[in-house]
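All remarks here apply to the structure that follows.
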């Protein structure tokens with residue numbers, strides 16, 4: 001009884017820890033991070049749907065191979081068959097894969113359309129990739145802008161995550177539709193946050209866009225996902241989702257800092 005109690009407690013702790021850190025990659029993780037946006041929820045369901053189809057195909061083909069090897073080996077069939085084709089079988093193995101592909105294509109195109117069609121945004125954020133950090137601009141809020149650089153091991157605090165946390169996070173309100181306008185200044189980067197279901201290339205001279213909407217407060221981590229130089233692995237992305245009130249307070253504090261900076265420049269001149 002005591003042993004079972006410990007086992008149940010251990011399982012509970014593992015599940016709880018997985019829930020707490022659902023917005024980041026975990027050691028020995030299998031599968032996707034838990035979805036945190038509408039697009040990722042659809043991708044998650046589509047992935048599971050494809051897994052069922054793929055498993056059925058693998059089991060069917062493997063079973064067919066075993067059946068053929070047993071039933072049609074040289075011992076059971078000393079005289080081999082002489083026919084060269086079978087029209088019915090050829091029609092079947094052509095039509096069935098087409099049907100399977102159509103079944104896969106319909107939800108796939110629906111998800112692509114949902115991801116590509118940007119809804120009316122409550123907030124727009126410009127994202128610019130540099131070697132090797134991100135620069136963010138909030139054009140709807142007096143052009144708040146700041147660099148976001150990975151926190152080095154020397155400056156890392158106990159509650160911060162190595163190779164994931166940054167000095168300045170993107171901050172967005174919960175349940176808000178956020179549009180990202182993404183480009184780069186030097187080489188090609190890729191703006192990717194797995195739990196939010198987007199991975200968009202940042203290309204110099206070109207603006208790509210995507211969107212998200214997150215209902216749950218927390219911090220969601222990503223990485224640059226396009227090889228962009230020696231420090232490619234040190235370009236994390238951190239998106240903090242807060243309440244509308246906290247977001248307004250954050251905007252006010254950023255604008256205040258910017259205003260104080262401008263006043264300091266004027267006083268110096």
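Note: Cβ is positioned from N, Cα and C throughout, glycine not excepted.
What Swiss-Prot says about this protein:
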- 8-28: transmembrane segment (TRANSMEM)
- 50-70: transmembrane segment (TRANSMEM)
- 87-107: transmembrane segment (TRANSMEM)
- 189, 224, 228, 232: Cu cation binding site (BINDING)
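Burial estimate for the binding-site residues (224, 228): highest at 224, by number of other CB atoms within 10 Å. Compute the center of the Cβ atoms of 189, 224, 228, 232, which mark the site for Cu cation; besides them, the chain residues with Cβ within 8 Å of that center are 129, 131, 132, 187, 188, 190, 225, 226, 227, 229, 235. Residue 189 (Cu cation binding site) falls within a strand when secondary structure is assigned with DSSP. Classification of residue 224 (Cu cation binding site) by DSSP places it within a strand.
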